[in-house]
Amino acid sequence: MASEDTLSSNPLLQNFDFPPFDSVDAHHVRPGIRALLQQLEAELEQLEKAVEPSWPKLVEPLEKIIDRLSVVWGMINHLKAVKDTPELRAAIEEVQPEKVKFQLRLGQSKPIYNAFKAIRESPDWNSLSEARQRLVEAQIKEAVLSGIALEDDKREEFNKIEQELEKLSHKFSENVLDATKKFEKLITDKKEIEGLPPSALGLFAQAAVSKGHETATADTGPWLITLDAPSYLPVMQHAKNRALREEVYRAYLSRASSGDLDNTAIIDQILKLRLEKAKLLGYRNYAEVSMATKMATVEKADELLEKLRSASWDPAVQDIEDLKSFAKNQGAAEADSLTHWDITFWSERLRESKYDINEEELRPYFSLPKVMDALFGLAKTLFGIDVVPADGVAPVWNSDVRFYCVKDSSGNPTAYFYFDPYSRPSEKRDGAWMDEVFSRSRVMAQKGSSVRLPVAQMVCNQTPPVGDKPSLMTFREVETVFHEFGHALQHMLTKEDEGLVAGIRNIEWDAVELPSQFMENWCYHRDTLMSIAKHYQTGETLPENVYKKLLAARTFRAGSLSLRQLKFATVDLELHTKYMPGGAETIYEVDQRVSIKTQVIPPLPEDRFLCSFSHIFAGGYAAGYYSYKWAEVLSADAFSAFEDAGLDDIKAVKETGQRFRNTILALGGGKAPLKVFVEFRGREPSPEPLLRHNGLLAASA
C-alpha cells in the first residue's frame, strides 16, 4: 500500500484546474487509481445509504463520482495513446480490472437504479426538463444493459463476461500496435523506392535514424519503411516497384494474424462473449444490444446500407474498368489483372492524369498554421466564436502540443482545447481523434463560478515540421483536422449544464459523427478553401483551376470508396447478428461472403483485415460501424441546408450557422438527435444529399 505521503503528492489525486499531464508518470498509476477507487467506493456507499429520488440527493452526488473517475482514467488512458511506454502500459493493465469492477458495481447499484425509477414514476415526472428526463431514462437503460435486472448468479456471470471483454479488447489493440511496430523494411537502393515523393523519403530516413542508422538522409538513405499510416500510404500510392507494394500490402493486411500476436482466437472469444451477454440481457444477438442506445434499429441500418450499396456497385465496377484501361494505355504489364496492391497506385496515377492533382504537390499550399487560422476563421463566421492561443495556461504532455481558449462573441471564455498535431510513431497511436477532458457541468463548477467549462483534446498524426519548413498537409489531412474540430465543437459549444448529458455525452452513437462530417464539407467550399490554401513560401493562393479539379476529384471513385465503408459496416453487422461462434462458418468466411456483394475485386484468400479491425473489436463501434454512413446521411443533409440558403450569401450562412449552433451543437445529449435534427432542418433526414455530393444520384435513380 502506498504511504500517505506518496499519495498526497500523487498528481492523479490532486484537485486541478487542468490535468497535470506533464507530471503524471507510470509509477503514479497503481497507487493513484487504487486510492481513487477506494475513495469513490466510500462515496458510493454513502450515496446508497442516503439516496432519495431527487436531483440533490441522487444525480448530483452520482455525477461527482462518475466525473472524477472519467477525468482521472481519461488522463492516463490519453497518455497511453500519446506517450506510450511499457511501464505505463503494464500499470494500466494491472489496475484496469479493478476500475471495471468498480464501474460494474456503480452501474449495478440497486439503490441508485430504484431511485431513478422512482423519479421516472413520480407525479413530478412531466415537470422535469427534457434534458433531465433524457438523463433519467439513459441511466435506467444503462443500468438494465449493465445487468442490473439479472438474478445474482446471472449477474455474476455477466460481470465475468464484462471483465473478460475489457481484457480481450485491450489485448486486441496491443497486438495490432505491436504487429504494426514489428514490420520494418530497410532499403538501401534508391531504385527500389522510385516514385516516392521527397516528404515520404524524409520520413523513411527519419525512421532509419531513430533505429540507429545515424547517417540516413532523404537523398542517400537508408530508408526504413514501417506499417504506420504515414509510411504505408505513400508506398501504396507512389511506389513504382510492384513487388514492394505487394510485400507491404500483404504485411499490412496480415497484421496481428500469426504467432504470439494472432488476434483470431481473441476475435472469436469477443464475439462469443458478446453473444452470451446479449442472451443474458434477453436480446437475440449483440447487434440488438448495440442498437438499444442508437437512433437506428438493425433493420433500418441494414436497409440504409443496402440502399447505398446498390447505388455504389455499378459505379465501383466502372471504376475498375476505367483503371484497367488507363493502366493499359500506360503500358502496364499488370493492366488486365489489376489486384489489391495495384488499385491505390493506379488510382493515384489516374487521378493525377484526370485532374492533374498530385497530393504531394499540393502539400506546400496546406501548411498547418494556415489551415488552423482558416478553420478558426470559419468557426467565427458560422458560430460567432473566437479561438485564441492560450499556451502556458495548462500543462501539456509534449512541447508540440498547443492549448487554445474558445471565446463567445462577448469575449467570455466558453471552452478550452489541446491540439497535438504530429506523428510520433514510437509512442503515439495512429489515426486522429477528439476526446473530452472535462464536460460542461453545473455540479462540477469551482467555487465562485456557475458552471465548469468544457475542455477537449484533438489529436492528429501529421508529418512533423522539418527544419524551418512547417508541417505540410495533404488535402485528406486538412479534412481530418476539420472533422475532429467538428467533434470538439459539439463538446465545447454545448449549452447544457447537466454534466451527464452535456456536449457529446448521451448523444446516440450513430448521431455523434454528424458535426464532424458536416465540417468536412467546408473543405470543398471555394472561399473557405482559398482562405486556407496559401503557398507556405510564396504566399500564392491555390490556382482556381486546381480548386476546380479538387472539387471534381471529390467524386472520383466515389462508388469504390463508398463500397469499402459499406463492406466494413456490413461485415460488422453480420458478425454481430448471424455469425455463430464455433459454428460452421469462420469469421474469415463471413468476411469473404460479405465481400461478394461489397468488393469488385474479391479479397485474397489470406486476407486477415479483421485481425486489425480495431473499430469493432477495441474501439466501441461493435455493431455500430454503420453509424459512419448513417451520420454521413445526416451531415450531408445538414450541409444542404446551407446550400439551400446560398453558400455565398454571408448573411444567410451566418443565420443558418447560428441555427446549427443553437440546435446540433448546443443541445448535446439532452434531446433526442432526431428531434434536434428536425428542429434544425425542418424535416426528417434524407439520403439524397449524400448521394448527390458523391455523384451517385444518377446511379440510384
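Even glycines carry a Cβ here, placed using N, Cα and C.
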Just to be sure I read the record right: H483, H487 are listed as binding Zn(2+) in Swiss-Prot. Which of E498, E508, E513 is listed for the same site? E513
For I616 (substrate binding site), list the number of other Cβ atoms lying within 10 Å of its Cβ atom. 26
Which one, from the binding-site residues F617, Y621, has the smallest tally of other C-beta atoms lying within 10 Å of its C-beta? Y621
Excluding H483, H487, E513, please set out which residues of the same chain place their CB within 8 Å of the center of the CB atoms of the Zn(2+) site, keeping sequence order. M434, E484, G486, V512, P515, S516, Q517, M519, A631
Other same-chain residues whose Cβ falls within 8 Å of the Cβ centroid of H615, I616, F617, A618, G619, G620, Y621, the recorded substrate site, in sequence order: S169, F613, S614, A622, Y625
Would you mind reading off the Cα separation of F617 (substrate binding site) from E513 (Zn(2+) binding site), to the nearest angstrom? 19
Near A618 (substrate binding site), which residues of its chain come within a Cβ-Cβ distance under 8 Å, counting only those 6 or more away in sequence? S169, H170, F172, S173, V176
Taking each of the binding-site residues H483, H487, H615 in turn and counting other Cβ atoms within 10 Å of its Cβ, which one has the fewest? H615
